[in-house]
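See structure below.
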Amino acid sequence: MATSSAASVDMEDIQTVDLMSELLRRMKCASKPDKRLVFIGPPGSGKGTQSPVIKDEFCLCHLSTGDMLRAAVAAKTPLGVKAKEAMDKGELVSDDLVVGIMDEAMNRPKCQKGFILDGFPRTVTQAEKLDEMLNRRGAQIDKVLNFAIDDSVLEERITGRWIHPSSGRSYHTKFAPPKVPGVDDLTGEPLIQRKDDNADVLRSRLDAFHKQTQPVIDYYAKKENLVNIPAEKAPEEVTKVVKKVVST
């Protein structure tokens with residue numbers, strides 16, 4: 001009885017509008033098919049732009065390894081405690097621990113209809129361990145979306161970015177220039193470039209990405225669930241392609 005009472009009190013503390021919104025969301029999602037997706041792509045390829053759109057459209061949860069690790073550590077779950085011990089020693093969290101934490105995260109109600117994995121797997125070993133875990137759940141990855149884009153296009157996209165530091169407003173010298181070069185439109189304050197938004201840093205990051213990720217792309221290509229997304233297109237065009245791919 002105590003457990004029931006505690007649960008009742010918790011529910012009573014939730015605003016009616018929040019309860020209704022969640023009930024409506026779950027009713028809308030009930031008829032959606034399950035989808036288990038992996039998004040792969042280099043920095044600047046648009047994965048981060050597309051993930052929330054697809055998450056909401058198909059009632060999926062977005063699983064980021066960094067967010068999951070932080071949540072498990074904060075909640076002091078058994079796996080979170082082990083992960084914290086490794087991090088405190090300056091060690092990398094093992095693939096088995098990461099996949100275990102991911103397995104726990106997939107039990108949440110918001111992951112009922114499936115998930116988008118972003119930033120994982122990064123290696124073939126991780127991909128294999130992910131498959132093993134999903135097999136134990138009687139599931140598998142449905143689609144792997146590779147946001148394919150030429151490095152030269154990425155360089156133009158990223159090195160042209162300028163930021164207004166206090167507001168976060170972003171500009172681009174070619175695609176979305178400020179009214180006055182180097183100056184924020186609203187405040188007249190100077191714009192800055194992030195340290196990582198330069199050609200040398202980008203080339204280094206892209207080189208590391210290609211070396212690390214190409215074997216993963218090949219792994220999924222052999223499983224015939226890999227789809228290349230033309231990520232050089234405008235975001236709204238990419239969204240149309242991604243929705244079509246995920247829907248089929």
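Glycine residues also receive a Cβ, built from the backbone N, Cα and C atoms like all the rest.
What Swiss-Prot says about this protein:
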- G44, S45, G46, K47, G48, T49, R161: ATP binding site (BINDING)
- T65, R70, E91, L92, V93, G119, F120, P121, R122, Q126, R194, R205: AMP binding site (BINDING)
- A2: N-acetylalanine (MOD_RES)
- 64-93: region 'NMP' (REGION)
- 160-197: region 'LID' (REGION)
What is the one among the binding-site residues G44, G48 whose Cβ has the most other Cβ atoms less than or equal to 10 Å away?
G44
Residue with minimal Cβ packing [other Cβ atoms within 10 Å] among the binding-site residues T49, T65
T49
Restricting the comparison to the binding-site residues G44, K47, T49, R161, which residue's C-alpha is spatially nearest the C-alpha of R122 (AMP binding site)?
K47
By Cα geometry, the one of the binding-site residues (G44, G46, T49) nearest E91 (AMP binding site) is G44
If you count Cβ atoms within 10 Å of the Cβ of S45 (ATP binding site), leaving out that atom itself, what do you get?
23
In the chain carrying G46 (ATP binding site), residues 6 or more apart in sequence that have Cβ under 8 angstroms from it
F147, I149, A231, P235, V238
Near F120 (AMP binding site), which residues of its chain come within a Cβ-Cβ distance under 8 Å, counting only those 6 or more away in sequence?
V38, L63, T65, V98, M102, Q126, L130
Round to a whole number and give the Cα-to-Cα distance in Å for the pair R161 (ATP binding site) and R194 (AMP binding site).
8
